[in-house]
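Heads up, the thing below is written out as structure tokens.
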Amino acid sequence: MEWENINTYAKQWVKEAGVKIRSSFSTALNISSKSNANDLVTNIDRDVEKFFIEKIRKTFPQHRILGEEGFGDELDHTNGVVWLIDPIDGTLNFIHQQRNFAISVGIYENGIGMIGIIYDVVHNELYCAMKGKGAFINEQHIPSLNETNVHKAIIGINATWATENKRIDYRKIVPLIQNARGTRSYGSAALELVYVATGRIDAYISMRLSPWDFAAGVIIVEELGGVASNILGEKLNILEKSSVFVAKPGLHQEILNQYLLK
Ligand code: IPD
Ligand code: CA
Ligand code: CA
Ligand code: CA
């Protein structure tokens, strides 16, 4: 019962946050940069994160919160209930395109993913899963994922990883791209994760994500029988930045054995 209650509140707040984001389209954004000139944040990212934190603190004062914009808690252990919040995932798209971004909220208990919610604000599509209770797009049931192989697969991957970079030997990635049916890159990890969950793409690989980028998406993918790990096939940890590799069953093993670990 308690998780149903948390889920109801979380979805309601995500929808309310979506209304705030949509109404920002007609206002001038206040844009600043963080770690470098291309790492942007807006007043809306910050306002939306603060909105969630205020709601959670009032309703569930025992819960802890990790948010990208830093208004939550410092997290050094996974005990208890933790909310991982990315107020806008795909900020560059939000600024440049006013589409292809999402709100991402993952809720964990003792390190185990319990609720994942990703809201594609512009399309008004709310993806959610509760552990063991199935996954939905706007209350419509999402079917489980079937096995596939590289030759039939569309892989979500950013072009950066197929060029010289410091995170992976790109010569492992090039043959994967050559053998796959196609590749896509959407610029929002949360959306790319739900695209794997819904079968729009078959796998998604990123060499570096933060816990708030993948926390919700991996819960939804796993609920549908997809497999989530880092690029070495190891379990993800919500306390650490890491590579993320998510795929349909069968395909995950094939990409790991034939490409990433080769
Ligand atoms: C970013 C997006 C992007 C991914 C970056 C993330 P943000 O999140 O998910 O797709 O490649 O690594 O930082 O900063 O827009 O929330
Ligand atoms: Ca960001
Ligand atoms: Ca993000
Ligand atoms: Ca963000």
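Every residue, even glycine, has its Cβ placed from backbone N, Cα and C.
Quick look at what TrEMBL lists:
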BINDING   E68, D86, I88, D89, D213  Mg(2+) binding site
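Surrounding the centroid of the Cβ atoms of E68, D86, I88, D89, D213, where the record places Mg(2+), the chain contributes additional residues within 8 Å, namely I85, P87, G90, T91, A102, I103, S104, A189, A190, S210, W212. Secondary structure at D213 (Mg(2+) binding site), as computed by DSSP, is helix. DSSP assigns I88 (Mg(2+) binding site) to a strand segment in the three-state reduction. Within 10 Å of the C-beta atom of I88 (Mg(2+) binding site) sit 28 other C-beta atoms, taking all shown protein chains into account. With a 10 A radius on its CB, E68 (Mg(2+) binding site) counts 23 other CB atoms from all the protein chains.
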